[in-house]
Amino acid sequence: MEQIDKQKIADAVKVILEAVGENPDREGLIDTPMRVARMYEEVFAGLKKDPSVHFDTIFEEQHEELVLVKDIRFSSMCEHHLVPFFGVAHVAYLPQNGRVAGLSKLARVVDDVSRRPQLQERITTTVAEIMMDKLKPLGVMVIMEAEHMCMTIRGVNKPGTKTITSAVRGAFKNDDKLRSEVLALIKHN
């Protein structure tokens, strides 16, 4: 993986601190620029990753009924304001021809797609499209719920507001009963 330019980020953070009237050399802020650079390296780690590789290994298992991994915690950075948004993803698919993925792979794909400057809508769609392309299932349904700091700490200032997005593909798109089953299982503890 190509490394990010941490020094360039640290220099930019120092400029931002000066621009808002802070002294970046004072105690408490002296190490902040490099801390922010290391944080960006971590939260943007998905930029240099291909999330689809998690589905390079597929298992042949004669299971052709619903698979749901719910409450996958994720965090990302709003590409409009560079502030976090975070929540849970629920990923369901209907295997075809016995092709199933390791359960952890669904969470890894969500992580890799999320760890970059991003929009929730794009994460939702991208996860669904990768699964359709690599797993070749009968259908995929991805639902994401997140709180966006760009709505919580600025602008409309509405803490606790949740945004819910969905991507529905294949069998889930036209089968109300199948969609309802996923929604009921998500609500079920």
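Here the Cβ of each residue, glycine as well, is placed from N, Cα and C on the backbone.
Feature list (source: Swiss-Prot):
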- C78, H81, C150: Zn(2+) binding site (BINDING)
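Classification of C150 (Zn(2+) binding site) by DSSP places it within a helix. Shown in sequence order, M77, E79, H80, L82, V83, F85, H148, M149, M151, R154 are the same-chain residues outside C78, H81, C150 whose Cβ sits within 8 Å of the Cβ centre of the Zn(2+) site. Counting every protein chain shown, the Cβ of C150 (Zn(2+) binding site) has 16 other Cβ atoms within 10 Å. With a 10 A radius on its CB, C78 (Zn(2+) binding site) counts 18 other CB atoms from all the protein chains.
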